[in-house]
């Protein structure tokens, strides 16, 4: 079978004729002020990108890629980074754009960037100079769009970035604990681009430059728009109800129009005329020009089962080879979501990463440190996408399931550029990876299966037989990279997908021998089948095989190296017993985790659907379908997090209380098989003191005098009330009997 993919774009990313402004040439940095525009000889910007991150001219930052990509097409692109959103003034600093505003919250969702998994305010921001918090608003996409519209009403606004991408439909919002409308509806933007934006961004920019109104640009893949009805020429499937999909369009009469009755008159035969032979076009695929009507925003907000149903449909329409468009009603309008864009080819990826990035922050930041840049300045991104399909992760929804890899030459050229141009380079490449370290050049071996598959994961519950697990391209890349002059070491900091790695032990040997700096990160996430099945993660058997091979090859190389496993607490499907078993596993293997992560319900993830609805969208949805146990509430989430840090004395009282309630008091003590030690005498006394000082809960029936009492006066009042009512009164003489 041919190895050429059947998923091909209509045209190459760089095949568009350049816009006339290409005569200005590339800018040293995309301008952030009028002074820089004057130095470049620009009277205006064609496109202005507004971002919630600091502007770092590096291919790991989305706005740098989008800006340089548009610049290569001939457009003059300006950047407004982390503007003051209190007024429209900062959004007008570069003047009025000729074509459109591009708005993004940044590399991270602004709410995740601002709040912890426990909804507590963060006091830092890695994407801001000097790690200062508070430089971007909550729901930055909405705020920035409103200010752009306030500044220039007639300029189109196009949303992008991960915040907008994961909010393209009605979605559960963890921070307000409610279902919100599509961000496209709330923001009143003109268009939304989801996922990797190069292909739709270039097409829309050129079509706007040719004078086409944005209201008429409706057929671009990877975009979402607002419509009043379905696009003409599309047929629909109604999935607004559970498991009863059906055609929306009326079924045509099988015999055509009714014929008149025969009048029995003789009819002369018609003369047959010669016709030219014509080639009939191929029959359309069943998914072409087809859309799925999802349950409306109003329906999914009021019915959790319909929400889970809509989520399940959305996740099955993500393969660019066979995905159908989606349509969801919001009030009297519809959000129309076109199918995903065709992935970039290796040649296109090479061209994107070969754009003239400076690989440093904009000079306007001076000597300020940007932690996110410090982390990646010596790293190289070798691929995009992930076919793991983890339920809690948004990478697959954002970057796609098909791996988009760069060529070996392109990666080597970037390593040499880092060596020769980046200040402070010491000869160590901090990472050679991507969303996953070991998916480089891995793809489906069957082009037809790749085009039509709707599986959520290529590796769960088992690795698909069509999936190529040959790590030879990755091994060859590692060897060539570490042989470069001036390169002392190549480290792998991206997470290794160990269930794929065990299929090719050569990769594990190469990794353990040359590319681990003492510790290697992997993410089993849990040890128990209940939560693992909801996460779509492999069991511990794959972990054990990987650890055995890793330890063997490390020993052969004469190195003492360790695995650092990552785990998630409070994930849907996790019961208290599961967390206790995980804690016992950690203690048995002598792991003491410093940083632990509670499950964070981010928009669009399957795990978030489980968290909100209590249903499992990985299986058929119905009102009587499988219910998923969800650990909610601060107390239970704190307990699950505490069990991951069983060794911390601050967590012992909470763990003891939970173990006693679960009937597992035998796990409290000093024996080796115990999880936490028994309380000391001083701890028991302190617990009694705390219980003694507690006050009963107040209700509407509590007397006002008691409500206003302090603990001291309450104690005095209680001692007074314990005496007889007439204790202090003088005794009256008894009445004479028989008077």
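Each residue, glycine too, has its Cβ placed from N, Cα and C.
Residues or ranges marked as domain 'Radical SAM core' in Swiss-Prot (evidence: sequence analysis): 372-650.
The Cβ of residue 386 ([4Fe-4S] cluster binding site) lies under 8 Å from the Cβ of 393, 395, 396, 399, 401, 403, 435, 436, 439, each on the same chain and at least six residues away in sequence. In this structure, residue 386 ([4Fe-4S] cluster binding site) belongs to neither helix nor strand by DSSP; it is coil. The [4Fe-4S] cluster binding site annotation in Swiss-Prot covers 386, 390, 393, and the record cites sequence analysis as its basis.
Annotation source Swiss-Prot lists region 'Disordered' at 685-739.
Residues or ranges marked as compositional bias 'Polar residues' by Swiss-Prot: 704-724.
Taken from Swiss-Prot, the feature compositional bias 'Basic residues' applies to 729-739.
Cβ neighbour count for residue 393 ([4Fe-4S] cluster binding site) (all protein chains, 10 Å cutoff from its Cβ): 19.
On the 0 to 100 pLDDT scale, the model's mean across the domain 'Radical SAM core' (372-650) is 95.
Same-chain neighbours of the [4Fe-4S] cluster site beyond 386, 390, 393, judged by a C-beta within 8 angstroms of the site's C-beta center, are, in sequence order, 388, 389, 392, 394, 395, 396, 435.
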